[in-house]
Amino acid sequence: SAFRKLAMQFHPDKNPDDSNAERKFKEINEAYETLKDPQKRAAYDRYGHAAFEHGGMGGGGGFGAGFGGGGFSDIFEDIFGEMMGGGRARGRSSGGRERGADLRYNMEISLEEAFSGKTAQIRVPTSITCDVCSGSGAKPGTQPKTCGTCQGSGRVRAAQGFFSVERTCPTCHGRGQIIPDPCTKCHGQGRVTEERSLSVNIPAGIEDGTRIRLQGEGEAGLRGGPSGDLYIFLSVKPHEFFQRDGADLYCAVPISMTTAALGGTFDVATLDGTKSRVSVPEGTQVGKQFRLKGKGMPVLRSSQVGDLYIQIQIETPQKLTKRQRELLQEF
């Protein structure tokens, strides 16, 4: 396995007095143990190696902690590819083309916006294909050349004692090509960083924590590779009056002690901007719940609508006249 090969290559017993090999050996073990975590394996499968760089996809302080060193990504990808059965092919194709990284954008909306839906305009700083070299990374009029060290494979094999170890080509860094005359705008990367404006459709009934995927709106690929995706992570701000449970809404409405005892009506505002009148029967108790059918949240991509549940709270008067006190004492 890739782990065993790398572990044997950098084992301290095989490399006495070699501090660099000892450091690599520790990193190999750390990477292997880290990637046994199902959550982190899922993150790598979704976001690639970018999920473990700079604290993850905008999350801050996440997967990136403790992973340093310029050559660590090669070790990391070797081990992860072996664990997932996919080798090192993720995001990279022939000719040095690499898929662009996926991006994450956090968006907060109000409960009213989640109720009605909206089209939001967002600005996203991202990498786009260089318009000078059309993504090739080479100066116009020139072409990348096949790497002479690895013959275009991006990998080389080296003897290590009794073993033959495959590693990333040191000349082309796994791309399989070299660019003798790089583009002056993108410096051979095939992409540049700009800020783009995008429209995001937020459907009515969207729930807190929903993820919206915009295919191909992530970072541009390297040297003509496909673009990554943009993921919009939505959070719905808590409402000052309503609480949400799926498609149903809940609220508490205070009524006077007189209304509770003798009956009456009150109006309650709803998210559609209207008011609904609720009839209170005589002898209504604290905690009594009324249901307004169809006054809750719309069900996502459906014609169904949830209900609004109103819980009664009874206001106890704090200041009573002598006459009011006498009347209450008669109960």
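Cβ coordinates are placed from backbone N, Cα and C, and glycine is handled just like the others.
Here Swiss-Prot flags CYS130, CYS133, CYS183, CYS186 as Zn(2+) 1 binding site. Sequence annotations record features per position, and here Swiss-Prot assigns Zn(2+) 2 binding site to CYS147, CYS150, CYS169, CYS172 based on sequence analysis. Per Swiss-Prot, the feature compositional bias 'Basic and acidic residues' maps to 11-22. Look at Swiss-Prot and you will find 1-48 tagged as domain 'J'. Residues annotated as region 'Disordered' in Swiss-Prot: 1-22. Per Swiss-Prot, the feature repeat 'CXXCXGXG motif' maps to 130-137, 147-154, 169-176, 183-190. Marked as zinc finger by Swiss-Prot on the basis of sequence analysis: 117-195.
Feature annotations (Swiss-Prot) mapped to structure.
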residue : record                : Cβ contacts under 8 Å, 6 or more apart
CYS130  : Zn(2+) 1 binding site : GLY137, CYS183, LYS185, CYS186, GLN189, GLY190, ARG191, VAL192
CYS133  : Zn(2+) 1 binding site : LYS139, PRO140, CYS183, LYS185, CYS186, GLY190
CYS147  : Zn(2+) 2 binding site : GLY154, CYS169, THR171, CYS172, ARG175, GLY176, GLN177, ILE178
CYS150  : Zn(2+) 2 binding site : VAL156, CYS169, THR171, CYS172, GLY176
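Of the recorded ranges 147-154, 169-176, 183-190, the repeat 'CXXCXGXG motif' (130-137) has the largest number of C-beta contacts under 8 angstroms with 183-190. Using a 10 Å Cβ-Cβ cutoff, CYS172 (Zn(2+) 2 binding site) registers 24 neighbours. Taking the binding-site residues CYS169, CYS183 in turn, the residue surrounded by the fewest other Cβ atoms inside 10 Å of its Cβ turns out to be CYS169. Within 8 Å of the Cβ centroid of the Zn(2+) 1 site, not counting the listed residues CYS130, CYS133, CYS183, CYS186, the chain contributes ASP131, VAL132, SER134, GLY135, SER136, GLY137, ALA138, PRO182, THR184, LYS185, HIS187, GLY188, GLN189, GLY190, ARG191, VAL192.
Helix, strand and coil content of the compositional bias 'Basic and acidic residues' (11-22), in residues and according to DSSP, is 4 helix, 0 strand, 8 coil. Take the CB of CYS186 (Zn(2+) 1 binding site) and look out to 10 A: across all protein chains shown you find 25 other CB atoms. Sitting within 8 Å of the Cβ centre of CYS147, CYS150, CYS169, CYS172, and not among those site residues for Zn(2+) 2, are the Cβ atoms of GLY148, THR149, GLN151, GLY152, SER153, GLY154, ARG155, VAL156, PRO170, THR171, HIS173, GLY174, ARG175, GLY176, GLN177, ILE178.
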